[in-house]
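Features of the protein shown, as given by Swiss-Prot:
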TOPO_DOM  1-22  topological domain 'Extracellular'
CARBOHYD  N3  N-linked glycosylation site
TRANSMEM  23-46  transmembrane segment
TOPO_DOM  47-54  topological domain 'Cytoplasmic'
TRANSMEM  55-76  transmembrane segment
TOPO_DOM  77-97  topological domain 'Extracellular'
DISULFID  C94-C186  disulfide bond
TRANSMEM  98-117  transmembrane segment
TOPO_DOM  118-136  topological domain 'Cytoplasmic'
TRANSMEM  137-155  transmembrane segment
TOPO_DOM  156-192  topological domain 'Extracellular'
TRANSMEM  193-216  transmembrane segment
TOPO_DOM  217-233  topological domain 'Cytoplasmic'
TRANSMEM  234-256  transmembrane segment
TOPO_DOM  257-269  topological domain 'Extracellular'
TRANSMEM  270-289  transmembrane segment
TOPO_DOM  290-316  topological domain 'Cytoplasmic'
Amino acid sequence: MTNTSSSDFTLLGLLVNSEAAGIVFTVILAVFLGAVTANLVMIFLIQVDSRLHTPMYFLLSQLSIMDTLFICTTVPKLLADMVSKEKIISFVACGIQIFLYLTMIGSEFFLLGLMAYDCYVAVCNPLRYPVLMNRKKCLLLAAGAWFGGSLDGFLLTPITMNVPYCGSRSINHFFCEIPAVLKLACADTSLYETLMYICCVLMLLIPISIISTSYSLILLTIHRMPSAEGRKKAFTTCSSHLTVVSIFYGAAFYTYVLPQSFHTPEQDKVVSAFYTIVTPMLNPLIYSLRNKDVIGAFKKVFACCSSAQKVATSDA
């Protein structure tokens with residue numbers, strides 16, 4: 001028998017229908033392992049291949065780190081709950097999960113905005129690119145993204161966990177997402193919800209402003225390019241980033257900006273599952289499948305491993 005505290009929460013989980021639980025568990029586990037593996041491989045390739053030692057790939061390695069931590073914040077607990085009869089999460093663990101979730105998602109918001117700036121410099125100021133995106137500036141940009149995300153976590157987590165909760169402590173979700181947790185509050189949360197709304201709008205508005213400005217200038221530059229080859233190369237440089245931005249920001253807009261009257265618990269779970277489970281797997285695939293440098297680096301590492309294995313076999 002599991003000992004529970006009166007301050008603990010119960011996560012109702014992703015599914016109501018237990019008949020499909022086995023299939024869903026297998027799919028989520030496969031996606032989780034695939035996402036972690038793909039992102040770790042991406043980080044490894046960027047570190048070992050000198051062709052990938054560029055500002056764009058440095059920022060991409062930061063995205064892979066964020067995605068790995070992001071999916072590890074929610075999915076292991078979800079998988080454990082799916083095989084366990086007890087779906088308890090302690091008050092402290094819930095607070096930690098909220099903080100890590102807010103930090104990772106906030107950092108990713110800012111990083112995607114900074115990656116748009118990187119695209120802008122690469123397309124619009126290619127001759128000054130090494131100066132404008134030198135190592136020191138890349139480190140500062142990455143640190144700024146992490147700081148912005150952690151600021152969101154440090155601001156909203158203490159307020160959320162200090163709201164009085166009483167009565168039912170069953171969270172109709174598969175992790176401690178703030179909107180689902182606040183539904184259990186036994187006090188007026190309108191002021192806090194307004195504060196959260198403002199924070200989320202700012203977290204979206206600042207990066208979206210950078211993205212919109214960057215791509216407006218990129219489109220103007222592409223329009224002026226005389227050659228079709230140059231235009232194609234410019235579009236290729238930015239297309240992967242635009243795809244990731246559309247997926248990630250679309251889901252975030254639904255969750256945190258769209259009024260609650262447009263939400264249902266089941267829809268919220270589906271959208272949350274998409275951007276907490278699926279998106280971290282899609283990001284490395286989107287960037288690698290359409291990128292000759294990444295594919296080339298992977299083939300090079302694979303060839304080296306194959307050669308080493310053949311040498312080891314022949315020596316044996």
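Using N, Cα and C of the backbone, Cβ positions are placed for all residues, glycine too.
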Surrounding CB atoms that lie within 10 Å of the CB of C186 (disulfide bond), all protein chains:
11
By DSSP, what is the split of the topological domain 'Extracellular' (77-97) into helix, strand and coil residues?
14 helix, 2 strand, 5 coil
Hey, what's the Cβ neighbour count for C94 (disulfide bond) at 10 Å?
22
The topological domain 'Cytoplasmic' (217-233), counted residue by residue under DSSP: helix, strand, coil:
14 helix, 0 strand, 3 coil
State the non-local partners of the topological domain 'Cytoplasmic' (118-136) in its own chain: residues 6+ outside its ends, Cβ under 8 Å from one of its Cβ atoms.
55-56, 59, 213-215, 217-218, 221-222, 234, 237-238, 241
By Cβ distance under 8 Å, which residues at least 6 away from the ends of the transmembrane segment (137-155) in the same chain are close to it?
55, 58-59, 62, 98-111, 114, 117, 199, 203
For C186 (disulfide bond), just give me the three-state DSSP call.
coil
If you average pLDDT over the topological domain 'Extracellular' (1-22), what do you get?
72
Are there three or more C-beta pairs under 8 angstroms joining the transmembrane segment (23-46) and the transmembrane segment (55-76), sequence spacing 6 or more?
yes
